[in-house]
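Colleague: The structure is given below, and queries will be raised subsequently.
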Amino acid sequence: MTRQWPAPAKLNLFLYITGRRADGYHLLQTLFQFLDYGDTLTITPTADGRIRLMNPIAGVAEQDNLIVRAARLLQRHCFAAGDPAAPGADIQLEKVLPMGGGLGGGSSDAATVLVALNAQWLCGLDVATLAQLGLSLGADVPVFVRGEAAFAEGIGERLTPAAPAEKWYLVAVPPVSIATPRIFGDPELNRDAPQRSLAQLMTAPFHNDCEPIARKHFSAVEQHLSWLLEYAPSRLTGTGACVFAEFDTEAAARQVLSQAPAWMRGFVARGVNVSPLHRALSGAQ
């Protein structure tokens, strides 16, 4: 049976770089929250064992596409190689989240495929197993698989459930894509933030250590963030390029969006601590 599944965006409400491992991976402390806004995947299980993305993303080879990789990973885990009973899937992507935006679009798409096909193929894997599979696809995939707002440590793999205030956000989308290595590889990036407990971090002003680098090297990020800061507390999410302003009400966020200059593209969404994907999963069971 064909089903539609949400692949929500995330925000990093704060992001601190606390060190770097010998293998080059950065150690961090960050707070993830979902948005009630994102991509949509329409998935139809098939009997032929083939994984088909019906509308491939321009410029992304199939073997590099996280949607296809996630489906094949789950297929290999749940069914023996060459098993004639192994199901396939036709997957249609409605893409609204920008690539290189810091909203987790690719990771969220991959997580949605894992969670959705686990249900539709009747694999019966628990969320911990799915999250472990997801980690092999990317450090942000497990938080989307688990579906709870979370405090992340280590390289992002150590997750503690959290419950930040569910505010409204105006997210601005600068016309630029920022690759994570571009920011993490910058010699000026602050990598020695003090490690603090979640309780300490929740009572301190929120900050993103990647923000000064993104603002310095990407004029569009600087322009969009400077505009938002005139109206509300605003920050970079992830390594960018998207920036967000926080509001207590939807009306306040939409009022500011209505004043946005012609060069600014953005949207209003609510922060939620339970992923829309998991609400959809509960509704399907």
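Counting starts with 1 at the first residue shown.
The backbone N, Cα and C atoms fix where each Cβ goes, and this holds for glycine too.
I grabbed these lines from Swiss-Prot:
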ACT_SITE  Lys10  active site
BINDING   Pro98, Met99, Gly100, Gly101, Gly102, Leu103, Gly104, Gly105, Gly106, Ser107, Ser108  ATP binding site
ACT_SITE  Asp140  active site
Colleague: Long-range same-chain neighbours of Lys10 (active site), Cβ under 8 Å, sequence gap at least 6?
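Modeller: Within the chain, Lys10 (active site) has Cβ neighbours under 8 Å at Phe32, Gln33, Phe34, Leu35, Leu103, Gly104, Ser108, Asp140, Val143, Phe144, Thr237.
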Colleague: Quick check: with Pro98, Met99, Gly100, Gly101, Gly102, Leu103, Gly104, Gly105, Gly106, Ser107, Ser108 left out, which same-chain residues have Cβ atoms within 8 Å of the centroid of the ATP site Cβ atoms?
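Modeller: Output for this site, in sequence order: Ala9, Leu97, Gly238.
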Colleague: Under 8 Å Cβ to Cβ from Gly106 (ATP binding site), same chain, six or more residues apart: give me those in sequence order, or none if nothing qualifies.
Modeller: Leu66, Met99, Gly138
Colleague: Can you give me the same-chain residues 6 or more apart in sequence from Pro98 (ATP binding site) with a CB-CB distance under 8 Å?
Modeller: Gly105, Val173, Ser177, Ala241, Cys242
